[in-house]
Amino acid sequence: MAQVSINRDLDEWGLSTDSGERARLLQSPSVDIAPKSEGEAPPGGLGGGTTSTLGAIFIVVNACLGAGLLNFPAAFSTAGGVAAGITLQMAMLVFIISGLVILAYCSQASNERTYQEVVWAVCGKLTGVLCEVAIATYTFGTCIAFLIIIGDQQDKIIAVMAKEPEGAGGSPWYTDRKFTISLTACLFILPLSIPREIGFQKYASFLSVVGTWYVTAIIIIKYIWPDKEMTPADTLNRPASWIAVFNAMPTICFGFQCHVSSVPVFNSMRRPELKTWGGVVTAAMVIALAVYMGTGICGFLTFGAAVDPDVLLSYPSEDMAVAVARAFIILSVLTSYPILHFCGRAVIEGLWLRYQGMPVEEDVGRERRRRVLQTLVWFLLTLLLALFIPDIGKVISVIGGLAACFIFVFPGVDPR
């Protein structure tokens, strides 16, 4: 699942100052890209950055792994078992890696450094606008999913702290899910989302990586040494239908989607060459595949067809090791929401400026008022939807379809 940030100085990109340039500012965290200059770029490609091959692998892996990990056991159940889930992932991995290489090739051919810029340059204005709208919608939906995840994990933690069964009647009002999500979001997420710049991406990335690996380790350990109270339901051995297999695709696309951040990662490399990049994305996808398969297989075999769309909800509330995993996920989501909101806000800002024909260098006060208004509207809408759509599986099915567009559709568009 991609986590991206915004380049805060437009002049560093060497771009013109028309009102549409602001929409194309997405950049991956921890990426140091050399300034784009016509004189510096070598023929047929862009100038190199400072990221090593190993560093590029880590960044791509980090862009893939995230909260989408929690849904893979349910995806295996939907697909019809372990064999179907593995086959589906392996088949999709071919297209995922191919799409990443195609994007790098188009980046070299067009001399552009971000996903949106490549789509604009190669596919034209209409497809470029559709790409920007898709990115804004995807980040919006992912923010909703993050808030649902916070509520899911808090419900389990509060049940342990209150020492009462989950959903028990007569619970205090301050343990109500709607109140806890709203309080957490207002205290932590909203203040982090309003600033014009975000400087904590490296901390968010670290938390995400640590939390992801810990969750995977716990799920594998709990499968090997299960608790007595965890009894698996019936496990499927074959898909119920081909439609069931395809229903698992949005979750897999959501998990492996790193294509939006892949273009700046490619251009940040010391030697941005297609052959080297092919090795980078192949190694990164194999690592991500191992994590997702470990989580998906062990989580599915532990609970069978009864596995929850958020696998951590299937474990007992009292399990302390799982409680730590829930805390890691909450921390990761709390810092990931502002970053994704930042990206979506930049795209919306660019679309608005282009529509109005307004210059980028405008009055700072007007920009601040517009930014605060955009943030408040975004925050309130995602919060309300998260409160009234408690099933994360429904949200993943929608944003997973958008992730499929970034993987399959835009890289495969014929510019002719």
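Glycine too: its Cβ is placed from the backbone N, Cα and C atoms.
Curation plays no part in TrEMBL annotations; they are all automatic predictions.
Range with TrEMBL annotation transmembrane segment, chosen from 179-194, 307-322, is 179-194.
Tertiary proximity for the transmembrane segment (118-151) is limited to same-chain residues at least six positions away from its ends with a CB under 8 Å from its CB atoms, namely 1, 23-24, 26, 67, 70, 103, 106-107, 109-112, 177, 180-181, 184-185, 189, 260, 263, 310, 329-330, 333-334, 336-337, 340-341, 343-344, 347-348, 350-351, 378, 381-383, 385-386, 389-392, 395-396, 398-399, 402-403, 405-406, 410, 413, 415.
Between the transmembrane segment (54-76) and the transmembrane segment (179-194), fewer than three CB pairs separated by 6 or more residues in sequence fall under 8 Å, so the two stretches do not touch. When Cβ distances are compared across the two stretches, the transmembrane segment (206-225) makes contact with the transmembrane segment (278-303), since 3 or more pairs at least 6 residues apart fall below 8 angstroms.
Most Cβ pairs under 8 A with the transmembrane segment (245-266) among the ranges 82-106, 179-194, 278-303 are made by 82-106.
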